[in-house]
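Just below is one structure, and these are the notes that go with it.
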Amino acid sequence: MFFRPDFRPRCAKWLIATGLFLMLGACVEKPTTLERVKEDGVLRVITRNSPATYFQDRNGETGFEYELVKRFADDLGVELKIETADNLDDLFDQMNKPGGPVLGAAGLIETSKRKQQARFSHSYLEVTPQVVYRNGQSRPTDPGDLVGKRIVVLKGSAHAEQLAALKAQTPAIEYEESDAVEVVDLLRMVDEGQIDLTLVDSNELAMNQVYFPNVRVAFDLGEAREQRWAVAPGEDNSLLNEINAYLDKVEKNGTLQRLKDRYYGHVDVLGYVGAYTFAQHLQERLPKYEKHFQTSAKKEQVDWRLLAAIGYQESMWQPAVTSKTGVRGLMMLTQNTAQAMGVTNRLDARQSIQGGAKYFAYVKDQLDDKIQEPDRTWLALASYNIGGGHLEDARKLAENEGLNPNKWLDVKKMLPRLAQKKWYSKTRYGYARGGEPVHFVANIRRYYDILTWVTQPQLEGSQVADGNLHVPGVDKTQPPAPTAPVVPASSPEKPAL
């Protein structure tokens with residue numbers, strides 16, 4: 001074999017150059033977690049599908065955790081991608097998978113077990129674990145009273161860890177963990193007497209108790225605890241440091257407190273306020289807006305009294321109302337809906353009524369052509385309240401149960417299931433406060449019945465404002481008991497509630 005005289009020197013130089021190149025390459029630092037997020041332009045977050053964390057309503061994506069983490073993504077200048085976990089164990093499993101979500105935002109409590117699964121941020125919300133029971137049953141007053149009770153909590157939750165610690169001290173305490181339910185399901189089970197007790201955090205109870213009148217707090221189990229976000233343990237500190245800086249900032253500038261007030265502060269509920277109050281508002285408020293209701297309803301081919309009933313349910317005919325969630329005006333329109341309907345000033349009563357009428361007509365027109373009146377009107381009201389996607393989920397549930405998806409009486413039985421994990425986990429649009437549209441439609445029908453009665457031909461126009469107007473069952477000098485309001489019976493063409 002023949003070799004060129006200069007081969008070995010050249011080979012040596014090549015090897016040296018290659019080695020230096022590899023060494024330099026090894027010295028190049030990998031991008032940090034924060035840098036990767038910014039380069040990808042996406043922040044992947046995993047959460048729970050529940051009222052206190054993340055869900056969709058007629059306004060779109062919402063929830064305390066969602067709004068807080070959405071602001072964080074906006075601060076980073078990236079898109080937010082929300083993923084929902086099947087349960088708490090699944091949440092941590094997904095975070096720890098290669099290429100999984102980089103952030104967990106689901107009202108998480110830092111526990112000894114979870115410290116092995118994730119690293120936690122600064123706190124942003126203080127909550128108290130509470131034992132809840134059904135009103136009318138014997139009230140537990142301390143952990144010893146948990147013996148002999150059927151207790152169910154979320155699988156993998158901090159509450160399950162608390163009960164495990166109690167059981168170590170008092171072996172007679174028994175409890176079950178379930179990954180097939182959410183907090184709302186547990187409260188419903190207590191409310192209906194299916195289980196004796198459960199543990200929930202104070203914020204989630206405050207948000208949901210209005211829907212479960214039989215649920216009561218027995219006692220606080222331990223001291224207040226702090227909710228935090230979580231990042232995978234294998235990541236560097238860059239994202240966690242950025243999160244902590246963000247949480248500190250929103251704490252100082254008041255953003256965090258405003259979110260707390262919106263979701264956990266006192267919420268005014270516009271339910272059935274009583275026939276007496278309604279009669280007073282018929283005289284004092286409706287005459288100012290009656291022509292606007294009639295004009296807009298005629299244009300959109302809607303009964304003006306139905307439109308007025310919607311307006312009363314939404315704002316009690318108050319044009320300057322603004323809710324904590326940002327809906328405004330007599331018809332309580334969202335900013336997006338107002339823009340879509342051509343409303344430039346939501347606080348202008350005429351524009352608000354026009355926008356509400358146009359939007360209701362649009363929603364009604366989107367329904368399946370097979371749906372006939374009067375069910376078409378009631379289902380349109382439900383869609384107006386909860387959103388078309390969730391209504392379709394309820395209709396599909398009705399169909400699967402052998403019920404008629406085109407009948408309000410059947411669909412309204414399915415709507416509350418959208419708040420139960422057993423059912424919403426099978427739907428396209430997920431969790432929704434399904435009980436709300438049922439009450440929304442029921443209230444509007446009550447108001448509509450009264451409006452129909454008082455606006456018979458002999459009571460048209462300005463006579464509605466007559467001081468001698470009488471609503472059946474109402475003594476104008478003595479308001480009726482709010483627990484038993486009397487309203488006219490539904491007319492024959494309207495199906496009974």
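Any Cβ shown, glycine's included, is placed from N, Cα and C.
What Swiss-Prot records for Glu314 is active site, and it gives sequence analysis as the kind of evidence.
The compositional bias 'Low complexity' annotation in Swiss-Prot covers 486-497.
For 30-267, the entry in Swiss-Prot reads region 'Non-LT domain', with the evidence type sequence analysis. Confidence across the region 'Non-LT domain' (30-267), taken as the mean pLDDT and rounded to a whole number, stands at 93.
According to Swiss-Prot, the region 'LT domain' annotation covers 268-497.
Annotation source Swiss-Prot lists region 'Disordered' at 464-497.
The signal peptide annotation in Swiss-Prot covers 1-29.
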Reduced DSSP state (H/G/I helix, E/B strand, rest coil) at Glu314 (active site) is helix
Would you count the other C-beta atoms found within 10 angstroms of the C-beta of Glu314 (active site) for me? 24
